[in-house]
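Working notes for the structure below.
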């Protein structure tokens, strides 16, 4: 059952919502023409205004006395008003075309008003001011308050008020005042709404009751005035809009709290062809079965029984108990974006989609339209949310603007606007605890908003959340915590805690498991309980306190914790949103129910659940309240016998619904996504049981539906029907696209995808044929082709000789036909692929839309040209008849026109059509029954908007390129905005076509010819599904055309009542009486095996697999036979070899002779190589794994090292020095260091800013006060010319003098202010004293009781951490420096070893040339020790690896056998680790031994050759020997020197290492101490920060108060000057009054009384003042009128001060009264200034009190901080510190020996001790210098006092002299400023100049009026001539009329019998002729009136009443 919102509204409004005539429109129509602008304030008033004006102009009679000029002006004004009215009536305020007034009135009378589904004709809607009276809750219904006669009287009263020019609301007639404005018909209503919504009295009188004309306004009718136009809100707001600075909003009248809109006027209506006669309720929504469960937060609770959610273009309200449904339609027809429920659940906000969508707020439960919010976004709303108080509404728009808007929704006003983000925003939420805080989140972002009050007003400030190291994620669910943090989910299922725009921590389950398996869609904070809702179907509760106080423990920022409770709804449940159920007690009062534990959950897998989240053992199990398709619905199919429909969803579920009983009978879910569904016709299954469903995995399932055969009544009651799987087939590997049965039901064809690809040549599809027999589907075969099919169509040949065909429509615009195979002739033993079935016909669609659009444009152009040519021909004919033009001239004109037309035709020929780059896809195709060679196509993409009729070419082309053709005919889908048609179906009679559109609209087209889509006439269209993603996927009528079903991709599923055709009235009546569908009888059907595996074989793949297995089996059998034969041959060959061996050797065959094929051996070797390569490839992964492991070990143990352990040994000695094994500084250390640097920088900047705050504030205040003190000129002259220049020069002189005097006064004041007080101290002295205190040497022990910790020595955890960082960094630098020096020494040793070894080689060579006796022993060869080059340990070669492998194997063998061996010797050798044996060729051999061997050899040689040398040769040999000996000695000395130097460097570096080790050890001790301090300071950190913040806060308060005191003082000084300025103005005004009286005026005393009279003045209310301030009044205002003296003392005559006495100049009296008003203004201003000054003084006193309190609090806070510092210092003193002292540093001795206990000793710096001794002499010298300076200052003070007394005496003498000169000149002492001001009177000069200017203006105006009179006379003459021409035209028209009437009569008399009867052509011709007669009659009447007017005296011509009707004849 369903109901609409008006059904609910009827209970509150028994009269209905019958539209009433807008009173404002009638008032505007009857008002005079000069009041038209006021009457046209509402756009809806324009049509009525135009109609009334036209009737009035036609009915009234023009008077003869009116002048021609006045009539022309009136006519022009009427024409302009008609044009304005026509433009205004073209569009109503909602942006829709308005129907004419007569049609709208008729429609409103006939069509039902209570229809929210908007299935009725669209009537004239006024969005801004709806027609009819507003409905208020306080008003009683008409039936209860009175009878209909009283209502009629009320209506009559309103009509009467309109006739008199005013409108009164009900009840105002009795209360209205008598003060009406005379002659204008205007009235002030007592309830008239002003800018702030306050009532204003009507007819307010003063004195004798005279009305105040300046306060009068034209009153609008009360009823429309109460309907405030919300369109005034459009365009307001903006990014960071200031809510307090919107004058447009403040001036707008407030909307009453009891105001409601008429719902029916705003709901979108069906689009119906004009004048088609189609009823608006052609389709009526019966029920909605779908649920868009994938839409975000699409479940809302209204009360304990009702929920609501979005369903396409509707908002569906469902009663969970009764399943009753109520629908709210969108107003735009563009869909509904989101729904939000008010916290009180009394209101429902519906945010729409479309162009400039609205937000409609409905009152619940009446569902009356309460408010309309406009202008929040451009395209669509994606989310909206009320704030916790319910005052504001936040909305977020979708692309392109993504606008975040804050609404004051009660007043329909935009408060703030800002762009939320540049990508999709999923949701917006208000903080429950912090007012004005919002959060938005969406694609890759989260943003935190704050409604902040700034100096420019209210602003919306947003801060984007920064993910930092965390991966960027889409944010779905989040919640604002009470302390301002935000807890959100992420894509991988963990929770993120946001604080200050950054991620504080990330929370997961223990073991680093995600909190949810998938995204978290919602985070809920309910009654202190924190819950998360995930897509995995889990609801988990978490420890809020632990999450709120969580802190990251490491760099990852990850915290692990388990939930307290977990609730799993069920399997395959995907939770998206949960809402808390309400109880009846608080259903309408509170938003949350703390006592209830029931929740409703939105399941994205299709359903709504009721959950008990009490987490107790008594909790109820989950209950599924609603079950539906999850996501898109692929299609629907109606039963051929009953009111049943089967739907298939993308979730794989098949549902059968009884749409008469409104219940789902059965549901079955299968694996795979559904794609196509078909209910088998009766030819296949006469009982109507069989349903065929295709799925995305290529499976075709045959289902049987029928009554549940269960005999148990309890089980049968649960499920009355059963859906049984009969068979499961898989004809395709991809999705099934379409399923088609032939008309006889013998053959089934499916189309599906085989291989999907982005390349066209790789796209493969197929159609599969099945033979149908006794509900069994036997595969026949398939045809494979390229491309993707879109639809199939069965073509019946009609004969047994020719086969039937299948037509395939492709998505790329191709169409082709295939022959159907004969099952008996197909051989499917090997494969099902059909051979020889080629394409019979081909067609490729060629785009023609651009040509069609061009043809439509040309047709319109040609039509206009033809009309223009016809008009010109008639005009030429008339001119020729009258002799105004000759035939030659006309021929020339015709020739020119023909040339122009030919030129345009040539330009038209140059136009080229447009073809899209990619072909448009085919969405659906239709094949006419009688023309199988033709077909209709519905295209998408560029060619949408038409239906195309195409035909195959006469000769079948060979390919699709040659088959490319344009359609032969096209039909425009009118009013579709080029939206493609996605699906088409027909009614049973074929007279109606049902079209499903891709924008979710349902369209009904009437057809002239049954089943011929080309004969479309009228159309009916209504948006139902979602316009963005709700394309209609299926639309079908019921078996008897009584109902229509539509399904869409948005998951919605609607059932409509169809208004039947005349022959179907009885069926409709029978269907209406039916209560349930008839189910097929129960039948036991054997359930088939389903195909659940998506990777299962298709039918062809299964066939190919079977064939492959058969072939493999045959091959294996053959191979087994061959193996047996080979084995037999091997046995035989072995026997032959044995026989060969037994033969004698001479006759034996050799081995190679047995090799019959030598190449075979080579091939085997090649195979071996390939196998080796294969093994390498197989081990590649393992090798890579080992390499990665090695890299990891290197990274873990080596890469982190800054320097490894390097030991440098001396060469000769045993000394060695090792490096310090040092690790690199970690990234955490660097980050901590940067963080500390940043904190230190911020602290220094903060201190500098705090110090400069007070000074800058004082400077700014002084500058501001200085600017205020600059007096503006007393007079401002606007004079120009020489007179003006002269006056200005004089004024400038006066101002210059005044400025100089003010400057001198200012300088003197500044000098006085700069005078120091008695207790003033020089800052330099203060600084010197402080410096002395700091450096005087007063060293206090930290353990002393009176020790005060100086601020710069106060320790904190940050300072301790900084010390630790500095200590680590310094130690690291020391280690690195030493290691660098050591490595440099090692490198030097490397170089030295190479150099010395080279020298050794030179020595060996030299010694070979020396005698043995002269040879000295050589040092050993130098080598580098392995510890000196540790990096070589990681270098290896292939040989070392092999040796290492061998040793490892030997080690393993030893472990088995127990024998020992040196396992790592080879590896040590490879690494360069050698023994200390002397170098040489063999172990143990030294260089001396080698030398001995060389000596022996050389001696032997010498002995043999000595005897042969001559004396000269002997001398040369001796000389050479001497040189070699010198060289030997020199090389040995260099060798020894280098070795000694290197050893010295090693020893020195070794000593430095000892010192460095001691320093590092002390550093470690210091580090331990600092760490203990750090731990201790961390314990005090919280308390210390609290106290420090308190001190800082008090200091800031002190500075703030001081700034306010300075500012308030400057304001008081400024006000004093303002008071003086006002008093000066009062004196000047009195002087002006005296001057105006003149000398000797006898009425001086009387006029002075008049001037000084105090009268009661009405106060002007100021906007924004409080009510108390408005009611306050001075005692002078409340008293009676007073005057100083009412009688004349001299003459005793009493004058009335309010009337000018006789003899007194009236102008002088009026001037006195005007000056009195100015005096009173000045008095009021003076009183206001004094009042303000008094307030400032009180404020200053308060600030001074506050300053004293702040100073006291600051002192107290500092005292507490000091005490805390002392306590902290005492704790620090308890820590033990290690101090290393040497004996000479200990000066405390007892009897010349060290004491046993030195705990009482003091460790003091020696330099400080010496400084204290030097300080004694320094202080003595400083004292002497200060005494000397004091004496000099005293002498200077005495001299300055003498000079001051002399200057003061001089000033007194000058003042006496000045006063004497003024008395001599003026007779008294005068003020120089007053004397300067009377030099010139600028007012008189200005008045004189104004008088001259006014004279010039009057002369110019007189000249202009003379010109206008001459123009009017010329116009009169011209008009007279035009009237004469029209007389001749009237005569010609009268003659034409007479001839036409005779022709008509003759034709009527001569009609033949064949033309008798009603023919359409005759009817159209008669209508055209009647129209022509009416036109001529109108022209004739107009000409008669003109003749009559011209025949009279002073006759004038008026324009016709209305323009002649134009149309094709």
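Backbone N, Cα and C atoms are what each Cβ position is placed from, and that goes for glycine too.
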With TrEMBL as the source, identify the stretch among 876-907, 908-939, 940-971, 972-1003 annotated region 'Disordered'.
876-907
Among 1112-1139, 1140-1167, 1168-1195, 1196-1223, find the range that TrEMBL records as coiled coil.
1112-1139
Range annotated as region 'Disordered' - as stated in TrEMBL, picked from 1264-1293, 1294-1323, 1324-1353
1294-1323
Residues of the region 'Disordered' (1820-1839) by DSSP state, where helix covers H, G and I:
20 helix, 0 strand, 0 coil
Outside the coiled coil (1112-1139), at least 6 residues beyond either end, the same-chain residues with a Cβ under 8 Å of its Cβ set are 1154
Counting by DSSP secondary structure, give me helix, strand and coil numbers for the compositional bias 'Basic and acidic residues' (1100-1110).
11 helix, 0 strand, 0 coil
Would you list the DSSP helix, strand and coil counts for the residues of the region 'Disordered' (1294-1323)?
21 helix, 0 strand, 9 coil
Averaged over the coiled coil (1719-1774), what pLDDT does the predicted model reach?
87
